[in-house]
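In TrEMBL this protein carries:
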type	residues	note
SIGNAL	1-20	signal peptide
DOMAIN	27-305	domain 'Ribophorin II N-terminal'
DOMAIN	313-420	domain 'Ribophorin II second'
DOMAIN	428-551	domain 'Ribophorin II third'
DOMAIN	584-684	domain 'Ribophorin II C-terminal'
TRANSMEM	595-619	transmembrane segment
TRANSMEM	631-651	transmembrane segment
TRANSMEM	663-684	transmembrane segment
Amino acid sequence: MARSLAGFLALFPFVLICGAASLFQPISDSHRSAALELFTPTHGSFKSLEETYEALRTFEVLGIEKKPDVTATACRSISETLGSLTSTPKDLFYALKANSIVKCKINEKTSEGIFTRLNAAVNGASSLLDFYYSIGGLVLIKGQTSKADVYLTDAEGVFRSVKAFSQSDGRWRYSSNNPESSAFAAGIALETLAGIVSLASSEMDQSLIITLKNDVSKLFDSIEKYDVGALYFDDKLVDGREHQGPLSTTSSVVRGLTALAAVTAGSVNLPGDKILGLAKFFLGIGVPGDAEDFFNQIDSLACLESNRVSIPLILSLPSTELSLTKKDSLKVRVNTVLGSNAPPLTVKLVGAFSSGSKDASLVESQELKFDAETGVHILSNLPKSIDVGSYTFVFEIVLHESEHVKVYVTGSQTKVPIFVTGLIKIESAEITVLDGDLGSIETQKKLDLAGHNAVSLSANHLQKLRISFQLTTPRGRAFRPHQALLKLRHESKIEHIFLVGNSGKQFEIVLNFLGLVEKFFYLSGRYDIELTVGDAVMENSLLRAIGHIELDLPEPPEKAPRPPPQPVDPYSRYGPKAEITHIFRAPEKHPPKELSLAFLGLTILPLLGFLVGLLRLGVNLKNFPSKAIPATFAILFHVGIGAVLLLYVLFWLKLDLFQTLKLLGFLGVFLVLVGHRILSHLAATSAKVKSA
């Protein structure tokens with residue numbers, strides 16, 4: 001089920017693209033940047049040799065030079081895997097796949113051991129995947145060793161064993177015990193059979209090859225198609241453990257098809273449009289966000305780039321938006337799927353149609369000029385029949401050499417959506433207040449819709465408001481925008497929106513206030529006037545405040561509709577609150593400064609009495625310990641007492657009660673510890689003196 005979901009997510013961006021346009025772009029630098037992000041080694045290596053191969057293969061196809069250097073760790077892992085007797089054919093297969101890129105040296109003894117083990121695996125294979133990994137491993141070891149006798153002794157027998165898994169519709173089973181077939185398995189089978197043909201010691205029975213090619217044709221009869229010409233394979237979800245998404249399934253078929261075409265004589269009988277449709281599928285996905293999907297896309301496009309069936313050429317445009325104001329040229333590129341240069345060819349513009357119109361083409365067939373320096377086909381000036389709007393341009397590619405017609409496929413015609421933009425002329429704009437009965441002009445003012453307006457008008461319910469203007473395209477034709485709206489906003493924030501109608505170039509709206517009094521909820525007062533004219537192809541779309549009008553409407557009757565309550569901004573609750581002003585009690589009157597100082601002196605008198613008392617008692621330091629450790633504790637004890645006295649002073653000057661108690665707690669614990677030690681020493685000394 002996870003693979004099914006992953007396949008859907010991989011296809012989802014493509015579905016969006018198909019719904020929007022039929023323009024496909026070859027591989028670009030965005031893919032190269034994405035490759036470096038998706039394939040990032042951890043501590044100098046990838047998690048597995050399969051992931052290592054996918055990363056290295058992707059870097060190789062995209063021609064990325066500044067890539068992570070994993071050669072040393074890859075060679076170490078490859079050597080361990082190839083030298084291990086417990087490695088499965090799948091392990092050997094991906095080790096040899098990775099080695100086909102990093103080119104690590106394999107000694108002859110190891111090669112012979114691998115060949116023997118894979119040959120034994122072929123003889124004991126019972127499923128399609130068993131054949132796939134063992135045959136694929138033999139094909140790879142053949143290309144990486146100098147040994148000339150790497151072949152299958154009974155190639156036709158192995159071929160028939162694999163062919164036994166095929167079905168009448170061109171799909172294949174994974175094993176004889178599994179009745180369900182799939183296109184993904186068909187791709188694996190084709191790649192496996194191509195390997196068997198390349199390992200055969202003699203020419204294969206051609207009837208087997210012909211039958212296999214017929215199976216390919218049947219398989220392509222079940223291919224699915226999008227409206228834009230993209231073709232893909234998909235399997236019905238039968239068993240979630242074996243189901244693959246459209247991207248991996250189509251990729252499997254492409255690998256198998258190109259591998260088979262590379263080893264068999266003659267060509268596979270497939271229309272070139274189907275190969276082009278497969279290329280459009282892979283390119284239409286864009287840049288996948290999953291590493292495995294990204295590898296499948298790039299590897300499949302590399303197979304299509306160099307296949308022997310047909311090499312697809314992709315027509316693309318650097319920009320599908322052209323400006324008549326800037327006199328943009330129509331530019332077209334034709335490349336292979338990986339962005340390589342195309343052979344000599346001509347690009348023709350054979351038709352141009354307004355979007356949604358079935359009328360005849362607006363242009364005659366004409367060739368685009370080729371710029372050899374940039375590799376771009378250019379039409380410098382758009383035909384006069386092309387004005388602002390959305391169009392579908394139809395292009396045709398004509399190859400110069402007849403030999404290239406057999407090698408490359410271009411498709412019959414390519415349709416591309418084009419948007420032509422320009423500055424729209426806004427003329428004869430005016431706003432008028434009309435008399436309701438006679439239709440005579442009460443007030444009329446010109447408007448500059450390209451600049452600033454501050455019109456001030458007044459009217460009553462018996463009058464009308466008219467706004468009119470003209471829109472003209474750069475070619476002088478009438479222009480009808482997607483939006484032409486007039487908005488009136490009352491000072492109570494109630495808004496009314498009206499659609500501005502047109503007749504040719506002339507746009508006009510007349511508001512009869514007598515018929516709108518109920519719509520306006522009988523609200524008199526100031527109404528701000530705002531005009532909106534906009535279109536995707538209009539380079540000077542506008543949303544312009546024109547001014548305001550003071551409306552004098554009659555008093556509402558009893559059953560008149562009430563204006564709706566205005567929505568409350570949900571974010572207003574998070575706005576600034578009203579400032580709270582606290583009122584404190586006025587402070588008591590302080591005593592005179594002299595009186596305060598007198599009381600301060602009185603508080604100091606006990607301290608002086610304490611000092612005098614010490615002198616009268618004859619305090620001395622005769623009993624101060626002389627030994628180092630007791631003396632240290634005695635000093636610390638007196639320092640602690642001094643610290644407590646200092647803390648009292650700080651409490652009086654700056655500290656609050658909580659700060660003082662916290663510090664006093666620490667000092668109290670300290671005094672208890674050092675005081676206990678020094679008092680214990682004094683007691684012991686006194687006891688020794690008495691006993692003596």
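Glycine residues also receive a Cβ, built from the backbone N, Cα and C atoms like all the rest.
Curation does not apply to TrEMBL; its annotations are automatic.
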What residues elsewhere in the chain lie close to the transmembrane segment (631-651), defined as a C-beta under 8 angstroms and at least 6 residues from its ends?
624-625, 657, 660, 663-664, 667, 670-671, 674-675, 677-678, 681
Within the same chain, where does the transmembrane segment (663-684) have neighbours whose Cβ lies under 8 angstroms from its own Cβ atoms, ignoring anything closer than 6 residues to its ends? I mean 6 or more beyond.
623, 625, 630, 633-634, 636-637, 640-641, 643-644, 647, 655
Rounded mean pLDDT for the residues that make up the domain 'Ribophorin II C-terminal' (584-684):
86
Tally of helix, strand and coil residues over the domain 'Ribophorin II second' (313-420) according to DSSP?
6 helix, 54 strand, 48 coil
